[in-house]
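Quick one: the structure is below, and I'll ask about it shortly.
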Amino acid sequence: MSKPLCSTGLRWLWLVVVVLIIDLGSKYLILQNFALGDTVGLFPSLNLHYARNYGAAFSFLADSGGWQRWFFAGIAIGICVILLVMMYRSKATQKLNNIAYALIIGGALGNLFDRLWHGFVVDMIDFYVGDWHFATFNLADTAICIGAALIVLEGFLPKPTAKEQA
């Protein structure tokens, strides 16, 4: 017997759509208004800077000849499938986990779209202190990191008792 989708964690899939719209919209604006390498200061220690990332986080494997595009696309698809199954198996009331999974899926799909459509991931957020610059990243990366942090946080929270779960 199948359970109603609204009673599962899939009820939180709307958050995936929100992350995708914000991420892809921000990347579209960068592509339309910036040339590669352009930088605009927003605040002290924060710039918009158009960069292309052919690898993964911190440009890992960026100069590997192209195979990494498909490797990272496969990883993103696999992670999305696993998290969707986990959302389906969880209750809609397990908010923290489901929000975390939705943020990770939305971020992974945003970067997957870039890899498949452009052949690279559009990055634009440049955080710096003095002359030191953190790796340029995008809103999809931010969603993935927030989702991962929520999963870690959930591990430290007290588990509900059997009575509370009923």
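The backbone N, Cα and C atoms fix where each Cβ goes, glycine too.
Marked as transmembrane segment by Swiss-Prot: 12-32, 70-90, 102-122, 137-157. Look at Swiss-Prot and you will find D123, D141 tagged as active site, backed by sequence analysis.
Situate these features within the shown structure.
Same-chain neighbours of the transmembrane segment (102-122): 12-13, 15-20, 23-24, 27, 30-31, 50-54, 69, 72-73, 76-77, 79-80, 83-84, 87, 138-144, 146-148, 150, counting only residues six or more beyond its ends whose CB sits under 8 Å from a CB of the stretch.
Secondary structure at D123 (active site), as computed by DSSP, is strand.
Sequence-distant contacts of the transmembrane segment (137-157) (same chain, at least 6 residues past either end, Cβ-Cβ under 8 Å): 19, 22-23, 26-27, 57, 96-97, 99-104, 106-111, 121-125.
When Cβ atoms from all protein chains are considered, those within 10 Å of D141 (active site) total 21, not counting its own. Secondary structure at D141 (active site), taken from DSSP and collapsed to helix, strand or coil, is helix.
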Would you mind listing the long-range same-chain contacts of the transmembrane segment (70-90), meaning Cβ under 8 Å and 6+ residues beyond its ends?
8-10, 12-13, 55-56, 61, 97-98, 101-102, 104-105, 108-109, 111-112, 115-116
Return the residues near D123 (active site) by Cβ distance under 8 Å, restricted to its own chain and a separation of at least 6 in sequence.
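Sequence-distant Cβ neighbours: H49, Y50, A51, R52, N53, T136, F137, N138, D141.
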